[in-house]
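Down below is the structure, laid out as structure tokens.
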């Protein structure tokens, strides 16, 4: 059976000990916790007051099978330490291999008792690490830790491990739960600022929505397909931000992460990101502005969008649904790579399409649309440059923060991506907001707005294959029908478009 983690209530259901060096270990949790708001904390209190920070042990039991119950055992211990004190756990004799359990050589030096976890008092936090345990008596199947609440008087990243050094207890399992609380509620410290952030983003989307929907209602007769797509993205964004806020608020209040709300928040967010990328891609291709449809490209665009949605949904569900402990995401690398690859592919496709659209607009001298597309291109270039810079910073941040010591600043990373996408959405809304002149930016079949079709004839001076005397007798430009040659490519493009 496996460890179940729901919110800040860490529940253990038959979690088995795993050999690590000369010790047997179960990881009980890892969270950033702010110091208690109350100055007078009671270390022995089982039920701390509101505003206090604590880690509470409730009905933690260690269970062994009948087959291995005919002997008394060494201690099965719970050890809680702040990440800065990690070097106080374990030791080595004469500079040899580091061990967590006290060895015979270390016992001879008098630094520990053989068979127990090695730990030394913290030099920065008196009374830490916190270590306590329980032993099995002969024929006893269950050993229970006493209920205990550990008050947190110093802000830091705290880790909990259950450990023992007895090879005869390798079949022992852990049951029960621990409750981790910050002064403001049950949200883990790294997630607490995000609740306020999503509240702010919900308000921002409401303001953007009021502007957009009011313009949409005023000029609904002038609306063209692209603006309907933008309306969908704004609506999805409003739902996403609201669900994230309620998800965190419920989590903070109860200590149990509401799976249903989390799944809805993740799903709305993934749909929004997928649709937003498709909208930008379609705009880059000129959809609704300089071409009426995507033609043969529609199926390819939809395929990329669906693939991106599936890959992103899986990644977001794994990262958010039921996830609490502040652990490294290295195990999720194989889920991140497909999303990163698809993002890169879409970006390249967007800029290739933009280049082609800009060239054709310039060739057709559609100056109004050319101007708006240049602004859109500049915004995308800035967004990509900023994104690449932030990715480099994020990689640097994570490479330097192996033990999550910078957990108080970790919320900035997901918040930045939300702000960047919202900023780009605002720019798109400003460029293509519904107005009385909206149709100036929409696709038109007028002769002055030809894009997807070629002229039947072009006035050209073209080298002739007829004798030169005929050329001299026909000095004026000849209307040349472009039904083959170069125009064939354009006609073929029209068919696919």
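Note: Cβ is positioned from N, Cα and C throughout, glycine not excepted.
Unlike curated entries, TrEMBL annotations are predicted automatically.
Look at TrEMBL and you will find 193-438 tagged as domain 'GOST seven transmembrane'. Annotation source TrEMBL lists transmembrane segment at 197-214, 226-246, 261-280, 292-311, 331-351, 372-391, 411-433. Summarising the annotation, TrEMBL assigns region 'Disordered' to 460-497.
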Next item on the list: Would you mind listing the long-range same-chain contacts of the transmembrane segment (226-246), meaning Cβ under 8 Å and 6+ residues beyond its ends?
Entry: 194-195, 198-199, 201-202, 204-206, 208-209, 212-213, 216, 261, 264-265, 268-269, 271-272, 275-276, 278-279, 282-283, 287-289, 422, 425, 428-429, 432, 434, 438, 442
Check: So which of 197-214, 261-280, 372-391 has the most C-beta pairs under 8 Å when paired with the transmembrane segment (411-433)?
Finding: 372-391
Margin query: Given a Cβ distance threshold of under 8 angstroms, which distant residues of the chain, six or more beyond its ends, lie next to the transmembrane segment (197-214)?
Written below: 230-231, 234-235, 237-238, 241-242, 244-245, 248, 411, 415, 418, 422, 425-426, 429, 433-434
